[in-house]
Amino acid sequence: MASARNGVSKDELLPVYERRSQRDGDISGSVKSFASTIGNSASAAVLAYCLSSISMTLVNKYVVSGASWNLSFLYLAMQSFIGTVAILACKKTGLIQNLALFDLKKAQTWLPISLLLVGMIYTGNKALQFLSVPVYTIFKNLTIIVIAYGEVLMVGGGVKPLALLSFGLMVLSSVVAAWADIQNATTATVGASSDSTAAALSALNAGYAWMGTNVIFSASYALGMRRVIKKTNFDNWDVMFYNNLLSIPILLLASVLAEDWSSENLQRNFPAELRQSLFIGILYSGVAAVFISYCTAWCVRATSSTTYAMVGALNKLPLAVAGIVFFAAPVTFGSVSAIVLGFISGLVYARAKSTGA
């Protein structure tokens with residue numbers, strides 16, 4: 001009472017360390033409250049998913065777009081190694097709490113899926129090397145069609161009318177994109193030698209061939225993973241960990257056998273003036289692959305699978321626009337029409353998934 005009469009508060013009578021502990025507890029509580037708010041925010045989840053997936057595609061395009069680039073297996077091995085280290089670091093710090101210990105038997109069961117993943121990411125990077133980001137994005141929609149009919153063959157059932165309409169729009173957008181690409185290639189080489197035109201068309205044909213192969217690998221990976229994941233009882237982080245870990249020796253072996261590791265070739269692939277930015281891109285892509293996996297689960301948890309499907313459809317447009325902005329992809333009536341058709345097809349497909357029509 002005397003202290004109160006003398007104008008000294010109760011808090012001032014507490015020992016310094018107790019007041020500091022109380023203050024730190026208040027700050028910690030505020031941080032946890034803010035983190036909880038963000039974690040349950042649908043807007044934050046959608047934004048994080050969109051930014052991570054767009055940036056990942058753009059960084060991959062940047063790394064593999066060098067005129068002399070021919071070390072895709074090595075690049076992907078580095079990416080997988082960085083992803084594995086990032087996952088283990090997250091587990092060590094407590095950010096990931098449900099990652100099980102490595103199981104050799106489960107690894108053997110999962111190995112065929114990792115082989116399909118290697119095929120998927122390698123062919124995807126090769127397609128990006130020859131095709132523009134908008135065209136790559138549009139053709140990627142074809143994977144949805146192959147998966148849908150693969151599921152029909154595996155589990156029966158059929159494809160509903162609205163889904164069929166979306167598939168038709170996807171095919172049409174791909175045809176328009178290819179037509180616009182070929183028109184641009186021939187127009188850009190007008191006045192040049194016939195060899196230049198032939199080289200441009202040859203590069204496009206290589207890109208389409210890699211894209212077609214990527215669609216097959218992507219669909220096979222998705223369909224195979226759904227079957228094997230039931231046997232292993234993996235969650236999202238287990239899938240990410242085993243995919244990255246098992247891919248490393250496969251990719252390294254493929255790189256040693258198929259790629260040139262001479263100092264001259266390494267110099268051509270990583271020129272001194274671009275070396276730092278390329279390595280930053282490789283580091284980012286490895287970490288971003290883990291972040292995309294987290295954001296996918298976050299988006300589904302904070303919203304719904306229907307909203308996630310819709311976001312995936314809407315994400316095609318900013319990704320295509322980003323490709324035009326950052327890599328100067330040609331803007332023509334054909335290319336814009338293909339992007340719009342691809343965007344609409346994604347919306348129709350998301351609607352078909354949500355209504356079952």
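Each Cβ is built from the backbone N, Cα and C atoms, and glycine gets one as well.
Annotated topological domain 'Cytoplasmic' per Swiss-Prot: 1-33 (among others), in sequence order.
The feature transmembrane segment is assigned by Swiss-Prot to 34-54 (among others).
Look at Swiss-Prot and you will find 55-68 (among others) tagged as topological domain 'Lumenal'. Outside the topological domain 'Lumenal' (55-68) by six or more residues, the chain places 75, 124-126, 128-129, 133, 136-137, 268-269, 271, 274, 278, 281-282, 284-285, 288-289, 292, 319, 322-323, 326-327 with a CB less than 8 A from a CB of the stretch.
The transmembrane segment feature in Swiss-Prot is assigned to 69-89 (among others); the stated evidence is sequence analysis.
The feature topological domain 'Cytoplasmic' is assigned by Swiss-Prot to 90-107 (among others), with similarity to another entry given as support. Residues of the topological domain 'Cytoplasmic' (90-107) grouped by DSSP class, helix first, strand second and coil last, total 7 helix, 0 strand, 11 coil.
Taken from Swiss-Prot, the feature transmembrane segment applies to 108-128 (among others).
When Cβ-Cβ distances below 8 Å are used as the criterion, the transmembrane segment (130-150) is approached by residues 57-58, 61, 159, 163, 167, 170-171, 173-174, 177-178, 181, 203-204, 206-208, 210-211, 214-216, 218-220, 222-223, 316, 319-320, 322-324, 326-327, 329-330, 335, 338-339, 341-342, 345-346, 349 of the same chain, each at least six residues removed from its ends. Sequence annotations record features per position, and here Swiss-Prot assigns transmembrane segment to 130-150 (among others) based on sequence analysis.
Here Swiss-Prot flags 151-161 (among others) as topological domain 'Cytoplasmic', drawing on similarity to another entry.
For 162-181 (among others), the entry in Swiss-Prot reads transmembrane segment, with the evidence type sequence analysis.
Taken from Swiss-Prot, the feature topological domain 'Lumenal' covers 182-196 (among others).
If you look up Swiss-Prot, you'll see ASN184 marked as N-linked glycosylation site. ASN184 (N-linked glycosylation site) falls within a helix when secondary structure is assigned with DSSP.
Residues or ranges marked as transmembrane segment by Swiss-Prot: 197-217 (among others).
Long-range contacts of the topological domain 'Cytoplasmic' (218-236) within the same chain, counting only residues at least 6 positions beyond its ends with a Cβ under 8 Å from a Cβ of the stretch, are 98, 106, 109-110, 112-113, 116-117, 119-120, 124, 140, 143, 146-147, 150-151, 154, 242, 293-294, 296-297. Among the features that Swiss-Prot reports, topological domain 'Cytoplasmic' is placed at 218-236 (among others).
Here Swiss-Prot flags 237-257 (among others) as transmembrane segment, drawing on sequence analysis.
Summarising the annotation, Swiss-Prot assigns topological domain 'Lumenal' to 258-277 (among others) and lists similarity to another entry as the type of evidence. Averaged across the topological domain 'Lumenal' (258-277), pLDDT for the predicted model comes to 90.
Residues or ranges marked as transmembrane segment in Swiss-Prot: 278-298 (among others). Same-chain neighbours of the transmembrane segment (278-298): 39, 45, 48-49, 52-53, 55-56, 59-60, 62-63, 75, 78-83, 85-87, 90, 236-237, 239-240, 244, 270, 308, counting only residues six or more beyond its ends whose CB sits under 8 Å from a CB of the stretch.
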How many of the residues that make up the topological domain 'Cytoplasmic' (151-161) does DSSP mark as helix, as strand and as coil?
6 helix, 0 strand, 5 coil
Per DSSP, what is the residue count of the topological domain 'Lumenal' (55-68) in each of helix, strand and coil?
10 helix, 0 strand, 4 coil
Near the topological domain 'Lumenal' (328-332), which residues from the same chain, at least 6 beyond its ends, have a CB less than 8 A from one of its CBs?
132-135, 180, 183-184, 188
If one takes Cβ-Cβ under 8 Å and requires six or more residues beyond its ends, the residues near the topological domain 'Cytoplasmic' (90-107) are 232, 234-235, 237-238, 241-242, 245-246, 290
Could you tell me how many residues in the topological domain 'Lumenal' (328-332) are helical, how many are strand and how many are coil under DSSP?
0 helix, 0 strand, 5 coil
For the transmembrane segment (108-128): best-contacting stretch of 69-89, 197-217, 333-352, by Cβ pairs under 8 Å
197-217
For the transmembrane segment (197-217), distant same-chain residues with Cβ under 8 A (at least six beyond the ends):
116, 119-120, 123-124, 126-127, 129-131, 135-136, 139-140, 142-143, 146, 178, 181-182, 185-186, 188-189
